[in-house]
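Undergrad: Let me begin by handing over the structure; questions about it come next.
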Amino acid sequence: MASLIYRQLLANSYTVDLSDEIENIGYAKSKNVTINPGPFAQTGYAPVNWGPGEVNDSTTVEPVLDGPYQPTNFNPPVNYWMLLSPLNAGVVVEGTNSIDRWLATVLVEPNVTTTVRTYTLFGVQEQISVENNSTTKWKFINLIKTTPSGNFTLYSTLLSEPKLHGIMKHGGQLWVYNGETPNATTTGYVTSNYDSLTMTSFCDFYIIPRNQESTCTEYINNGLPPIQNTRNVVSVSISSRNIIHNRAQVNEDIVISKTSLWKEVQYNRDITIRFRFANAIIKSGGLGYKWSEISFKPANYQYTYTRDGEEITAHTTCSVNGVNDFSFNGGSLPTDFVISRYEVIKENSYVYVDYWDDSQAFRNVVYVRSLAANLNDVLCTGGDYNFALPVGQWPVMTGGAVMLHAAGVTLSTQFTDFVSLNSLKFRFSLSAEEPYFSITRTRVTRLYGLPAVNPNNDRDYYEIAGRFSLISLVPSNDDYQTPIMNSVTVRQDLERQLGELREEFNALSQEIAISQLIDLALLPLDMFSMFSGIKSTIDAAKSMATNVMKKFKKSKLASSVSTLTDSLSDAASSVSRSSSIRSVSSSVSAWTDVSDQLTDISNSVNSISTQTSTISRRLRLKEIATQTEGMNFDDISAAVLKTKIDKSTQIAANNIPDVITEASEKFIPNRAYRVISNDNVFEASTDGRFFAYKVGTFEEIPFDVQKFADLVTDSPVISAIIDFKTLKNLNDNYGITREQAFNLLRSDPRVLREFINQDNPIIKNRIEQLILQCRL
């Protein structure tokens, strides 16, 4: 049978482990090698301490306490406190908007009775009555007038032991401190044209941003830090704030070392990453109420942006890893809403974005070290998707969100439509965020993560800003480009090739002749005959077989067989120590993994549907272990795979491992299996449907889950190539004998070929539907 190819891959998985072990032993051998390091030895051999090298930071850190500055006249910035620090009594500060506000602050020493003093305010001698009854604290008096020729009136006062005062322009008002330290507070009064109000300070002062107002209040009430009260702190002119510093640019090329032929250049670059997710939404056959798969797919995106006045053309490829499989089963009826599998990314998942642009930094990305990157986080939120049912209200999957956090960067090779490019692969870890996702009109709600159904939420792209730095070994002559090659750190990304190959494979389903397929399904396909249609296969048959087995041993099928083998081994050892096979939950637990469910069977249809669906997913393994003479689903899928490989124009040695592994997992996702007991047949499918019926009349009988599980343990499991609905339709329209019924139930290939040669439309339609399910 054609399914021999899958059996060979499963049976020979140990040879891959042995090959890896021999290879590791070879690596472990050591030799004494004398190395003569040249000027660029560190590029061939990793430095002792790997680090990012020089990464320039363009972030300006604003100090909390800026100053002290010398007395001056200037227009202070809005939302900044002027912290005034006078040494002697007298005029501290004056300011005006030259329209309707003239204000001044004077300082009075302790122990002053009411007296009239003369102050020069705005160039005019003013007589001001002042007093300070405190014996220890200095008194700041805030004065104000509204016309140039008017008289000053007292607005507020501040009794201060530290001898500090503050003033600020904010929100259309002029703010000052009042009250008494250490409990001084702020107060403000409306000032028109306040942002153009100029100040003249007659003492040293500091500048503090408003977002640090709590610190400013702390200074007003308790004094400046001790370091500010030493003679080592010298006030400077306010003009020093306008000094232009020659800072290193974020986007620059630094030559680290150079010889006649080669040089090391550090590239520091700003980067704007734009990416989008792609997905595949596949409906099952039938009446239109069921979806077989909603999954993430790699997505390419090309765009332009400006970096330091230069227009950059960039290309990204987004892919995901570590997806979580969810499903929803609304029931066993043909009109029940079902999603067999939909993918969700969450905390245990990763998102990969390959980035390349046409700048100088990517011209020689071959010999690279000290690669590092700093990227912002980005929130990805899911949108709505309507499941368009033929009749009734449509369920809607809505919501879901994840935050992407930069988790690393490495080299990779990115494939565009025309050329492969050495690029950077950014890895992002995920955290689940609000909102949760749900499916309306179902019980699926309050689940966290980002489902694949509408991950872009109708956006064109997601965007991440950041920067990266790398040191590259490049030719000293800038006109010469390093020969394109892939270093050992570069991972070959085949997703683009595989995507095109999948499209071609799925289109070839229409070109397969059913009669030839049955004949091919009966042939014992081995690895050599499977690969015989691929160009250059014979020259690399050994390495290809090894690569296929390496990939195949990581498949879900191989993992399930491995788990099943361990379970059976444990069950066998337990039986030898127990008098009853039921004491280890019987062999059913090893085959079906539902022994706990069988002990408490509910009579509801949904419960039976769930149990039979769980059992039927494991029946493929039982069928592989107990080969019968009938044809099975794997024979058909292997025959379709062989036919498509022979017809494909894009199949190659480097993508055949992915194709075979994916075919073993995804070909014919909707399968039904049956067991026969005398005249009774029990049939269950992976989508939860189940039937029990008589062979002669095809009359349905009650489905006994416990008996079905017992028969699965003791009887051969048969692929329902011609399922119950097709058999009943065939009998109602054409009439079949009891012997023909038994042969079709056993999936006898001889009888199948007879019906196909007779051009029976019901049987042909069933086989065609199976072929259409052979999709990548």
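Cβ from N, Cα, C; glycine included.
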Undergrad: With Swiss-Prot as the source, identify the stretch among 176-203, 288-315, 456-483, 484-511 annotated coiled coil.
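TA: It is 484-511 that Swiss-Prot annotates as coiled coil.
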Undergrad: If you count other CB atoms within 10 A of each CB, which of Cys203, Cys380 wins among these disulfide-bonded residues?
TA: Cys380
Undergrad: Between Cys380 (disulfide bond) and Cys203 (disulfide bond), how many Å separate their Cα atoms?
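TA: Between the alpha carbons of Cys380 (disulfide bond) and Cys203 (disulfide bond) there are 53 Å.
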Undergrad: Looking only at the region 'Spike head' (65-224), what is the mean pLDDT?
TA: 86
Undergrad: Can you grab the distance from Cys216 (disulfide bond) over to Cys318 (disulfide bond)? Cα atoms, rounded to a whole Å.
TA: 48
Undergrad: If H, G and I count as helix, E and B as strand, and all else as coil, what does DSSP give for Cys203 (disulfide bond)?
TA: coil
Undergrad: Measuring CB to CB from Cys318 (disulfide bond), give everything in the same chain under 8 Å that is also at least six residues away in sequence.
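TA: In sequence order, Phe275, Arg276, Phe277, Ala278, Pro298, Ala299, Tyr301, Val351, Tyr352, Val353, Asp354 meet the Cβ cut-off.
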